[in-house]
């Protein structure tokens, strides 16, 4: 506590910051320490100007030593969570920007370093219709710098009731120091039901069969903690969430609504439409809308670090002058973020909003081609090539959205499929690091480059490639995908929507193929020439027998010869 009013730089292992700002602020705080540790940053309290938007007033957190580092997260007036952000290294930066409204903003944030190998000895997965959870060491005081997350999942078509029988955390009016946060769902990014501290016996209820509980503590004033139980109970007879299923893929959106659910609301399939009325559903036992992401009136929004496709399913009476039925909107969102597809369904009915989430992925692949026309992919594996042969590689995004751009940020080679300690840079931060690498201009869903084949020393036979891929909105001309080669220090941040990596290989030099063939032939020849042990024994025995017979025959012949040449003769008298 006691921080410069606008921005500072810290090297402390941990620190709490109380920040008060007024209008037109643009303040940067930087945390860095030469440790093999990561930083956990917690915004336990924030108060922005009323009615401010994320575009005009926010906290942006960057994963590195400056605001040119990758964007880690954003906090603003409508953030429905207690933001907890974790760096990937020993440095982190955040900037607070305020608009021109004359209002006293207030923020409380604390951070601490923790080893990369540290695992939280608390939290976990709780399944089943009921269960219990307690804070670490309960009923003894909980440890400092504790961060525990419990994910509770009850049977389908039920809701969760969480009750704290004993609860004693550090008391603060705004729960800035130690707190428990409860979320309606399986994530801690949104759906905050409540945040509590002090002494009480709070209870919480979810809207579905999943709930998340978080315990966060700082460095001082530890108390007994809590003991809690959860139970589950059936949802009402007309469930909202389980009757609407949203599936998002790399190229399409699929919405499935149960007919019985529509009937319970007084509607049928003739009363339902999406943003574009000409997009009609398929009617089976359910009402099914399935269409490409960029069609049927779907609205695409780019917030700098993710892309969201939104459509609205409307239920309303038709053919009448008046109605006494409630109009219902089902807002469906496919959010492409952090190497996944986040599916969100909001159902509005009398200003009540419920939601559900699921997870999918973008579909990205990489292949070699036989020429610079990129018309014929190489299906051979391993791919045998000549040293210094030109190789053509293409990364492909499989999506129906025409306004996406693919960019190769980095590409490394390794003799090992797991990309161990020995690697070689072909492309780094969009810059060609190998003299033979040539990158082609980006073409919508394809990123292409070529390089000359090589092999690693020390007789490594194979070469594997791993490339980091960025996907951007092509309607935005100032994105990372259009900047090409940039140094890491000067890289533009939050200008790509999604990042992943893809692997292709192995590549092997044809000499190794010939060597392998020769080795195989030699082995085969040796196998043919090498006698069978049993056969060798019989052969040897036969040779010995024949030799003995020959010796006996020779001796007999010599004996008879001797008899004939040296016999007695009768002497003639003189």
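Every residue gets a Cβ built from N, Cα and C, even glycine.
Listed features, source TrEMBL:
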type     : residues : note
DOMAIN   : 6-114    : domain 'CUB'
DOMAIN   : 122-233  : domain 'CUB'
DOMAIN   : 247-488  : domain 'ZP'
TRANSMEM : 535-557  : transmembrane segment
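Confidence in the domain 'CUB' (122-233), given as mean pLDDT, stands at 92.
Mapped onto DSSP helix, strand and coil, the domain 'CUB' (6-114) counts 0 helix, 59 strand, 50 coil.
In terms of DSSP helix, strand and coil, the domain 'CUB' (122-233) has 0 helix, 57 strand, 55 coil.
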